[in-house]
Amino acid sequence: MFEARNLGLRYTVGERAFAALEGVDLSLPRGGFTTIVGRSGCGKTTLLRLLAGLAEPSDGELHFEGGGRPRIGYVFQEPRLMPWLSVAGNVGLGLVGRLDKGALMRRVTEALQLVGLSGFAEAMPDQLSGGMAQRVALARALVLEPDLLLLDEPFGALDAFTRRSLQMELVEIWRARGTTIVFVTHDVEEAVLLGQAVAELSEGRLVGLHRVDLPYPRDATDPALLAHRRTVLERLLETGPNSHLKETVP
Amino acid sequence: MPAFSGFLVFGVLGLAWFATSATGFVSPFLLPGPFTVAQAGWQLIQDGSLAKHAAISLQRVGLGYGLSVILALPLALLFGLLPRLRSFCEPALEFLRQIPPLALLPLLILWLGIGEVQKVGVIVLSCFFPIFLGALGGIAQADPKLIEVGRICGLSRGEILTRIVLPASLPALVVGLRIALGYSWRALVGAELIASSAGLGYLIIDAQNMARTDIVLVGVLVIGVLGLIADALARCALRRSAPWLRSQLELGRV
Ligand SMILES: Nc1ncnc2c1ncn2[C@@H]1O[C@H](COP(=O)(O)OP(=O)(O)OP(=O)(O)O)[C@@H](O)[C@H]1O
Ligand SMILES: [Mg+2]
C-alpha cells in the first residue's frame, strides 16, 4: 500500500527544533491491518498525519502504491464533529453533492447501523456522550469506503463492552472490504488483538515491528496472544524513556 | 427567571420615577411624572405623529443596516480568502474605524445633502465595522481541526469555506450583527438630532425646542423599547436558524 523511507518530522518549539518522528522505515502491504503502539507523545498521531497528508515530512519520503494517495478515511483522536450538523449530517459530510439523496441516506444509515447508532441520526452532537461522538466519527470515516483507513485511538473513550464489539466489527469490515488499516493505540492488548503486525514507536523512532500470526477472530485470553502482548510490552519497556529503571512485565 | 428580575428592575425604576415627581422633589419641567409622559405619548399616538416618526426612523435603520450587511459580509469573505488583500487594506480600514461616524457628519452633509442618503450613510458607517470585524474574526478563528476534517472528507476549498468555515464563524458574526444593531440606532438618532425634519431624533429635538420635556421622554422611551424589540427579534431568528448556538444564547455569550 505504501512505503516510508527515513520518514521524519521536526517541530520547532521556542528556539529549539526537535524531532517528533525520526528515521521511520515502514512498508505496509495492501489489505494489511497494522497497529501502532507507544507511550503518550511518542509520535503516533504525527505518523498518521504524515500518512494522511495532513502534514508534510521534513525528512525522508513516502511512496504510495500506484503513485497518488489512495482514498483515505481518518478517525481523529477527538471526535471533531461539526456542532451545526446532525449526526447524519456529520456522517454524510464527505458524500453531500457526490451522491443523490437516496443513495446518501442509505450509506449514512448503513454506517450508523455498523457503529450501533441507528436511532440517533437526527441527534445533534451536543446531545451525544463522548463514546457516542467517537462512534459517529468512526461512521464518518467508514461511509467514505476508504482504501486506507487511519484510526487514532478510536476506542479510547469507550467502555469495555462497546469497545470489544466495535473491535470485532472493525475486523469484520476489514476482512469483508479488504481495506488497509493503520490503527493507533496506547493499549498493547488492543494492539496485539487487532493487528497482523504491531509497530512499536518510542520517542519518535520505530523500535520494532512485531508480527502476530494468529487467526481471526481472536480471543483476548488466548495464551498465544498473551505471549505476543508480553513481547511487545517488554520491547517498549526496554526502549522507553525510563528503561534504566528496569521495570518488569507483570 | 432572568426576564422576570429584569422586569422587576423596570418596575422599581418606574416607582422611583413616580415618587420623585409626585413628591415635587424634582421640578416637573426637568422630569415630568409618568402620567404626564403617558398623556403626551397617548396624544402622539392619537394624532399619528409617533407612528410616522418611528416608521421613518425604522426605515432608515433597516436600509442602513441591510446595506452594511450586504457590504460587510462579502468583503469579510474576500479578506478571509485573500490574506494578502487583507494586509494591504487593513491600515486604511483601521484608520477609518477609529473615527466616530458622527464626526464625519459635517462632511456627509456637505457631500450628500441633508436628505435620506446622508442619514443612511451615517448608519452604514457605524454598522459596517462591527459586522465586518465580527465576520472576519469568525472566519479567522474557524477551528483548524474541523477544517482538517473537511480536507480528509475530500471537500474542495470552496466547499470547506461554505460548509465549515462559514457555519463555524457564525457565533462571532452574530455578536457583530447584534452590536451593529445597537450602533445603528445611536447613529441614526444622532443624525436626526442634527439635521432632519422627521424621525424619532427629530421628535426629541423639536420637543426640546418647544420645552416639552414630556415629549422628549416619550421619544427616549420609544427608542429604547424599539431597540429591545429589534434585539429580541434578532435573538429569536438566530435561535431558529442556528439551534446549536442555543446554549451560548442562554449563557448570554451570543
Ligand atoms: N503542532 C505541534 N507543534 C509542536 N510540537 C508538536 C506538535 N504536534 C505534536 N508535537 C510534539 O510531537 C510529539 C509527538 O506528538 P504526537 O501527537 O504524535 O504524540 P502521540 O504519540 O500521538 O501521543 P498521544 O498518545 O498522547 O496522543 C510530542 O512531543 C508533541 O509535543
Ligand atoms: Mg496522539
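Quick reminder: no glycine exception, Cβ is built from N, Cα and C everywhere.
The feature domain 'ABC transmembrane type-1' is assigned by TrEMBL to B:54-234.
Here TrEMBL flags B:63-83 (among others) as transmembrane segment.
Residues 121-122, 125-126, 129, 133, 187, 190-191, 194-196 of the same chain, all 6+ positions outside the transmembrane segment (B:95-114), place their C-beta atoms under 8 angstroms from a C-beta of that stretch. Annotated transmembrane segment per TrEMBL: B:95-114 (among others), in sequence order.
Look at TrEMBL and you will find B:120-139 (among others) tagged as transmembrane segment.
Residues or ranges marked as transmembrane segment by TrEMBL: B:160-181 (among others). Long-range contacts of the transmembrane segment (B:160-181) within the same chain, counting only residues at least 6 positions beyond its ends with a Cβ under 8 Å from a Cβ of the stretch, are 65, 68-69, 77, 80-81, 126-128, 130-135, 137-139, 141-143, 146-147, 149-151, 227, 230-231, 234, 238, 242, 245, 248, 253-254.
Here TrEMBL flags B:187-204 (among others) as transmembrane segment. Long-range contacts of the transmembrane segment (B:187-204) within the same chain: residues 44, 49-50, 52-54, 56-57, 60-61, 64, 101-102, 105, 109, 114, 118-119, 122-123, 125-127, 215-216, 218-220, 222-223, each at least 6 residues beyond the stretch ends and with a Cβ under 8 Å from a Cβ of the stretch.
Within its own chain, the transmembrane segment (B:216-234) has Cβ neighbours under 8 Å at 32, 37, 40-41, 44, 50, 53-54, 57-58, 61, 177-178, 181-182, 185, 189, 200-201, 203-204, 207-208, counting only residues six or more beyond its boundaries. What TrEMBL records for B:216-234 (among others) is transmembrane segment.
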Q.
With Cβ-Cβ distances below 8 Å as the criterion, list the same-chain residues six or more beyond the ends of the transmembrane segment (B:120-139) that contact it, or say none.
A. 60-61, 63-65, 67-69, 71-73, 75-77, 79-80, 86, 93, 97, 101-102, 104-105, 108, 112, 165-166, 168-177, 179-181, 183-184, 186-188, 190-191
